[in-house]
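Noted in TrEMBL for the protein shown:
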{"type": "ACT_SITE", "residues": "A:47", "note": "active site, proton acceptor"}
{"type": "ACT_SITE", "residues": "A:58", "note": "active site, proton acceptor"}
């Protein structure tokens, strides 16, 4: 079991709902300060987007964030260099698209993640059938390759995804792209429930989770949440690390309150 | 076959149409959709089931003589197939070769795009879908999709980059006249690449009622294979026509332009088991096969134009239909095998070739198709094509849409 999964399991077993905020790498000059603010606000892991020119699974907000970061000269190399030696105290999970993994080859890519201290990897356009090569390279480098499950995934396939995923299983809450939504979709609860029944691997629910209420609702079935577009929209609108930290702290509080009666 | 009372929802059952089951290169890429290392299905998990459903439906339909018969009928009575094979008499004499033109410019809507779209629209109705989604660059695939939707009583939504919406106002108007909704895409380069990304994003939200009608031999499995099969009609007709027209039966060279590469794939497929040499002609500014490196975009692995960091770069060509930074996975494979070679021509050569074909043969080709003509002219004049060589060239579309561009240059 990789470091990411060990860490997430320990926190879950301690009765904590998991919170994984997302940041598009190199979105601003002081982007690393956002990561520190995430940790201070109670993040259990952090997802770092390695921006790609054609993010087909992302909605308008993360598309714009990717575009802004790339316009500032962001690259995989530069972002990983920025992460090296940070020692944030929580695991980092890189998230990107297969073209960037293939660019130098999966082995070199996963090796670079390891060197930069990144423990996990999400590849948006890498379904089960195509995952072998990256799966092997990630395992060799000691990086957990987390797979995604969606509301359209049939049950036998869900079980296979849960079995082969490492670190956690990323439950995509709805049929759509990343982005804020007014309410948590019904499909989110169904999917998270199905996954939690078929695996004891941590299940994180993402896509559309924007408010403390939605997050609290999500962890009634899932082990934790991923928050991306809601953070990136704030940053694109000029929010400082402290502003985003305050937003996340409110979410942390809602998660802790939701867990309290049970623990 | 030519029942004039035909209504689209009431297509006649066919007689005994032969089903061609090809073997070897350019055959079924199998359940993983692999062409060597290329192809595959690199889509978000949310689209895996939808792609599988399209694949299952296509496999079922393509082995059903009923489906094939309905499609053959539509291709005949609506699209005007078979298209002519025209000997280019005067240009051949000037170049010292025998040049035959497969006239996809004569197909309804003005290009080969209709072959694929009729097949996919028929498949969509068979799957119970009521709505077609499509991406378009120059607008030819969008117009063909809008046409097929109107014919079969479906609705159509076409995603088109804002830059192309401005450049191709005529085709935007045609699509709207045909009843399609045109959605301008303002992200990224605001051209075909971004229109495709946006169409895929939209597809995720409506997989239950919408069918994604991809315009070229690109995208996740089964699209590259399925679109090639729907375009195979070009090659099969040409094969039969060459057998009559040429003493040797098979041309020495088979030449077609390549953006994503659907007219080339369909043409090559008809000659896969012959010794004909395949040449795919790319735009110098959009040469995915010639200059790209291995990557993954829009659901498939192939060769793509990209920068040193792995970001996809923009293609740039006078022919909007070739403005795609990649090439269909089967072309990347044919190149790896050495079965086809890929070359480039410049915008200037293309314009000269279009005008020369217009003045020698009375045919104004689409600027996309003029790429193939330009290479044949260059290769014949340089001696790369031996004197007396026989060349089949697929003229994928007509040049009417390009008159505004040409007016600025001529």
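Including glycine, each Cβ sits where the backbone N, Cα and C put it.
Keep in mind that what you see is a predicted model, and the values were worked out from it rather than measured.
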Are there any residues in the same chain, six or more apart in sequence, whose C-beta is under 8 angstroms from the C-beta of residue A:58 (active site, proton acceptor), and if so which?
A:66, A:124, A:177, A:178, A:179
Same-chain residues six or more away whose CB lies under 8 A from the CB of residue A:47 (active site, proton acceptor)?
A:20, A:21, A:22, A:23, A:92, A:93, A:94, A:95, A:122, A:226, A:228
Three-state secondary structure, residue A:58 (active site, proton acceptor) (per DSSP):
coil
